[in-house]
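Annotation comment: TrEMBL describes B:11-217 as domain 'YjeF N-terminal'. Annotation comment: TrEMBL describes B:Asn61, B:Asn62, B:Gly63, B:Gly64, B:Asp65, B:Gly127, B:Phe128, B:Ser129, B:Phe130, B:Ser131, B:Gly132, B:Glu133, B:Asp156 as (6S)-NADPHX binding site. For B:Asn62, B:Asp123, B:Ser159, the entry in TrEMBL reads K(+) binding site.
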Protein chains: 2
Amino acid sequence: MALKTISAKAAAALDKELMSSGGFSIDQLMELAGLSVSQAVYHVHPPNKGRRILVACGPGNNGGDGLVAARHLCHYGYQPTVYYPKRSKNELYQRLSKQLEDLNVPFTDDFPTALSSTDHIVDAIFGFSFSGEVREPFPAVIQALEETKLPITSVDAPSSWNIEDGPPGSGVGSTFHPAVLVSLTAPKPLVKHFRGRHFIGGRFVAPSIALKYDFDVPQYSGIDQVVEVPTSGNKL
Amino acid sequence: MALKTISAKAAAALDKELMSSGGFSIDQLMELAGLSVSQAVYHVHPPNKGRRILVACGPGNNGGDGLVAARHLCHYGYQPTVYYPKRSKNELYQRLSKQLEDLNVPFTDDFPTALSSTDHIVDAIFGFSFSGEVREPFPAVIQALEETKLPITSVDAPSSWNIEDGPPGSGVGSTFHPAVLVSLTAPKPLVKHFRGRHFIGGRFVAPSIALKYDFDVPQYSGIDQVVEVPTSGNKL
C-alpha cells in the first residue's frame, strides 16, 4: 500500500497550524526536523563509511533544517562542511550558523572543490515550498549533484523537483536521483518518482493532526526520530 | 576519576551564554534537554517494563524539561500523566502544555492518586536554580517521592537537594534518593551524594564552551543524546 502524501499547499497549512494552535515554535520544529535528517544519515552512512559530509543549504526553511542536521552530525563525529551561499538575514538562521561556527564547522563558497573532497552530501537546498525555476547560484550546484556518484540525502524533496510532479522534464534536475530522501512529517506527491531509500521524520505530530490532514503517522521504533518506509517509486 | 562538576552559579552563566553569544533559543535548549531525559528513561525503563509514567513538573525551567520529556515519552508509546500544579504564565510553557493536550496526555492535580497508579516517575520539580525551602504544594510531593518504592528519574537534581551540598540534613528530602539522575550539560556538585544510575544529557555543548566552564563533554555513543557515566556517590 502506497503511503498517503500531502500537497505543498497542505504542508504549508500544516506548518502554520503546528506553529499557531499546535503550540510549536519554528526553533523547535526545525530542531526536530534537522535531528531526523541527522539520524537518517547516521543510519545509512555511519561515520565509519566516511566522516566527511557536505551539507548544501538553500535560503529558506529547508536550509535551516540542513544547518541543524550539520550540528548534530558534527556531535556524532562527522566532519561537516556547509555550503550556504544565500544566507538568510532572519535571526534564527544566523543563530543556527553561529552554533556551527562555535563547533569550528567550516563554511565554503566553493561548491565544486567541497564536492571533490567529501564522502557524502546532504541536499537541504529546496523543500516543499519550491516551485518554478532554480535560481542562481543553484543551477550549477544541482547539476553537480546530478553528476556526482557520491551518495546524497535529500531533505523533504530532491532539490529542483516539482513537489507534485517530480523531476523536471528537461534541463537542470531532470536526471537528479538522490540515494536517500527524508520526508518531513509526511511524504509529498513527488515520492512516486523516487527510487532510493525513503525515510519519514518528524516524530512530533499528534494523531488528530494527521487525521485532519489525511496522512499516516508511521510506526517509529524505540527512540528513533526517523523510520524507513518502502519506496513508492520502486513499485511503479 | 570523578567527573568535573559545575556550580549553580556557573550553570546559570552557561545557560545565559548559550542563549546569547551561543545562539541557542530557550525553545531549542529545552527541547534537547527534555529529549535527553526521555532517552534516559527509555534506556532504564523501556515501555515493556511498564508504560505508565508520572511526570512531576515544577514552576520553572526544570518543569519545562519535564513537559518536553513527557511529549517524547508519549510518542515512544508510554502513557504519561503530568502533575504540574504551578503552571507558568510564560508563553513557552503554555505552548509545551498545549502540545501535550493535543496528544491527550492527562494533567492531574491529585498527586497521591496518580502515584498509586503509575509504573515510574520523572522528577522535574526543581533544577540547579533551587535553593532554600521547598514551597507549597511540593513538600508533600517530595515526601511521597521519598516514601515510594517506584523508580524515579530526577532531572538535573533530586528535587529539594542543595545544589552544592546534596540532601538536606533533616526534614523534607533528607532521605530522597532517586534511582536515576540525568545531569544536563554537566553534573552539579550534589552528585557526590548520589548513589543511583547517572546519565549526562545535552549533546549540544561546543568543546570551547566546556573548556571555558571547566567541565568535560562526555563520550556520547552513536546518535544518543545521553550517556551513562560512573556514579560518583558509589565511590565515597
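Keep in mind that glycine also has a Cβ here, set from the backbone N, Cα and C atoms.
Positions of the features from TrEMBL, shown on the structure.
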residue: B:Asn61; record: (6S)-NADPHX binding site; DSSP (3 states): helix
residue: B:Asp123; record: K(+) binding site; DSSP (3 states): strand
residue: B:Phe128; record: (6S)-NADPHX binding site; DSSP (3 states): coil
residue: B:Asp156; record: (6S)-NADPHX binding site; DSSP (3 states): coil
Separation of alpha carbons, B:Ser159 (K(+) binding site) and B:Phe130 ((6S)-NADPHX binding site) (Å): 8
Tertiary neighbours of B:Asp123 (K(+) binding site) (same chain, Cβ under 8 Å, six or more apart): B:Ala56, B:Leu145, B:Ile152, B:Thr153, B:Ser154, B:Val155, B:Pro158, B:Ser159, B:Pro178
Cβ within 8 Å of the mean position of the Cβ atoms of B:Asn62, B:Asp123, B:Ser159: remaining residues of the chain near K(+): B:Ala56, B:Gly58, B:Gly63, B:Gly66, B:Ala124, B:Ile125, B:Phe126, B:Gly127, B:Ser154, B:Val155, B:Asp156, B:Ala157, B:Pro158
Cα-Cα distance linking B:Asn62 (K(+) binding site) and B:Gly132 ((6S)-NADPHX binding site), given in Å to the nearest integer: 16
Least Cβ-crowded entry, counting other Cβ within 10 Å, from the binding-site residues listed as B:Gly63, B:Gly132: B:Gly132
Which of B:Phe128, B:Phe130, the listed binding-site residues, has fewest other Cβ atoms within 10 Å: B:Phe130
Cα-Cα distance maximum in Å, computed over every pair in B:Asn61, B:Asn62, B:Gly63, B:Gly64, B:Asp65, B:Gly127, B:Phe128, B:Ser129, B:Phe130, B:Ser131, B:Gly132, B:Glu133, B:Asp156 that the record assigns to (6S)-NADPHX: 22
Number of Cβ atoms other than its own within 10 Å, given for B:Asp156 ((6S)-NADPHX binding site): 30
Nearest-integer angstrom distance between the alpha carbons (Cα) of B:Phe128 ((6S)-NADPHX binding site) and B:Asn62 (K(+) binding site): 8
